[in-house]
Amino acid sequence: MPELPEVETVANGVNERVRGARIDAVTIGPHKEPLKSTPSHIEETLTGAKIEHVRRVGKTIVMDVKQRNKKPAQATIHLGMTGRLLVSQRDVPVPPHTHVNIHLHDGRDLRFVDPRRFGRVGIVDEGTTYEGPGKEPLTISADDFAALFKNRKIAIKAALLNQSLLHGVGNIYADESLFRAGIRPTRPAGKIKRAELDKLHASLQAVLKHAIKLGGSSVSDYVDADGVRGFFQLEHRVYSRTGEPCLDCGKPIEKIVVGGRSTHFCKHCQK
DNA sequence: CGCGGGCCCTGTGAGC
DNA sequence: TGCTCACAGGGCCCGC
């Protein structure tokens, strides 16, 4: 479901609500796919721990926890396509597809819900800090950004989606940043001139920051920790606008497949 | 090693 | 109204 702005919105919302809370117990569902660590490892790491902080790294939510007389530890939550992280009073019925339910001492639950089971919950190896697979899109410099694409033959859109290069960019923000930079998604990444990459770097950061301000994009049922929808979908210029007029030139937005994902662009405005 | 394609899942909505 | 089918914001794994 979510890309960087949506994950940031969820992580910040959950952080405000559960920071400092103590975990009494953890209930784990029957499905194995949503777990990156064994149920017992997750339970042992979290039970009795205090939640120090909840934050975002790439598209992953990182929960820093601390048990008395033990080293700090981290749980990671990746929302996949349809994952949600909900804070609810314990008497609120547990939704279907709840795979991990973290019971807080104050009577609330922190619930990981994911119908499609593409999401993952795990525990970071002891003694290591989760840093994610790639570079952080919001803070990467223009020089480092340009270096990512050097000599790469893959389409620039596919490169933007490659989480081991940049982590956090997904299908919506790849399309939107390429449109704003005037770059066609199919162009080989290594053949894009530095000036254009600088433009892409700027438009990607601008689009992500603007989307975070608006609480992310709500396509279908995405909501943040308070159940509030984001509003960036109203600002989409190409994503999911197939056949509609380009907001710059009026020609219809086209839809193709790049890197295995639907890709929206304006043939006239993106060279 | 880099890259493309298939696949993992369920829910939703477009179209018949 | 009701059914079928394509498609969905992600990413792993395989083979070439």
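Cβ atoms are placed via backbone N, Cα and C, with glycine included.
Automatic prediction, not curation, is the source of TrEMBL annotations.
Source: prediction; values computed, not measured.
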Check your understanding: According to TrEMBL, A:His97, A:Arg152 bind DNA; which one of A:Arg116, A:Arg120, A:Arg180 is listed for that same site?
Key -> A:Arg116
Review point. Against which stretches of its own chain does the domain 'FPG-type' (A:237-271) lie, if we need a Cβ under 8 Å and a gap of at least six residues from its ends?
Key: 154-155, 157-158, 161, 171-172, 175-176, 178-180, 182-186, 219
**Study point:** Least buried by Cβ count (within 10 Å) of the binding-site residues A:His97, A:Arg116, A:Arg152
**Key:** A:Arg116
Revision key, fill the gap. DSSP tally for the domain 'FPG-type' (A:237-271), helix/strand/coil in that order, comes to 0 helix, 12 strand, 23 coil
